[in-house]
C-alpha cells in the first residue's frame, strides 16, 4: 500500500483528485452561503481558509509531482489538514457545549499583508455566530462533517508522507 501511495504522489491524477474534492467543498460552502443564505461564522471562514490550503497544496503537487516541489505540497497539505482538524474540533465543541464564556470573534483576523476579508468579502467576511446551529444532515452539523473530512485529509497526508521512502518496484515482465 505504501508503494502505491508513493506512486500516486508522483502522478498528477491523485493531486488533481484532491484539488477537485477541495474545490467541490469550497463551492458547496459558497452555495450554502449565497443560495441557502446561511451566515458563515469566524470559525467557518477559518475552516474555509484551511480548505483553501489543501486546495493550494494539491495544485502545487499537480504542477510538478516528480520533483521535490511535491514535498512542499505535502507540508502545506499536512499543516492545512491539521489546522482544519483543530478548527473544526473547536467549532464542534462550541456547538455541542455552548457557553456564554466561550465564544468566537466577531470578525475574522487576517494579517495586514493578506486582508482576505477586504479583497474577497463575498467569501471571507463572517456574519454568523459560531454556536448557532444552522444546518444538519444525517444528525450531524456542518462542523462535524468537516471534522471527518479534515481527519480523512490528515490521515491520507500522513500515509503519503510515510510512503515516500518506499519506491515502486520495477516490473520486469519478461526477465527471469
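Positions of Cβ are set from backbone N, Cα and C atoms, glycine also.
Per Swiss-Prot, the features are as follows:
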- 41-44: disulfide bond (DISULFID)
- 104-130: disulfide bond (DISULFID)
- 1-14: topological domain 'Cytoplasmic' (TOPO_DOM)
- 32-49: topological domain 'Periplasmic' (TOPO_DOM)
- 66-71: topological domain 'Cytoplasmic' (TOPO_DOM)
- 90-144: topological domain 'Periplasmic' (TOPO_DOM)
- 164-176: topological domain 'Cytoplasmic' (TOPO_DOM)
- 15-31: transmembrane segment (TRANSMEM)
- 50-65: transmembrane segment (TRANSMEM)
- 72-89: transmembrane segment (TRANSMEM)
- 145-163: transmembrane segment (TRANSMEM)
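Structure coloured by features recorded in Swiss-Prot.
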residue: 41; record: disulfide bond; Cβ within 10 Å: 26
residue: 44; record: disulfide bond; Cβ within 10 Å: 27
residue: 104; record: disulfide bond; Cβ within 10 Å: 20
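Per-class residue totals from DSSP over the topological domain 'Periplasmic' (32-49), listed helix then strand then coil: 11 helix, 0 strand, 7 coil. Within the chain, the topological domain 'Periplasmic' (32-49) has long-range Cβ neighbours (under 8 A, six or more residues past its boundaries) at 26, 84, 87-88, 90-91, 94, 104-108, 116-117, 122-130, 132, 134-135, 142-143, 146. Over the topological domain 'Cytoplasmic' (66-71), the average per-residue pLDDT in this prediction is 85. Long-range neighbours of the topological domain 'Cytoplasmic' (66-71) within the same chain, counting only residues 6 or more positions beyond its ends whose Cβ lies under 8 Å from a Cβ of the stretch, are 9-10, 15, 60, 164.
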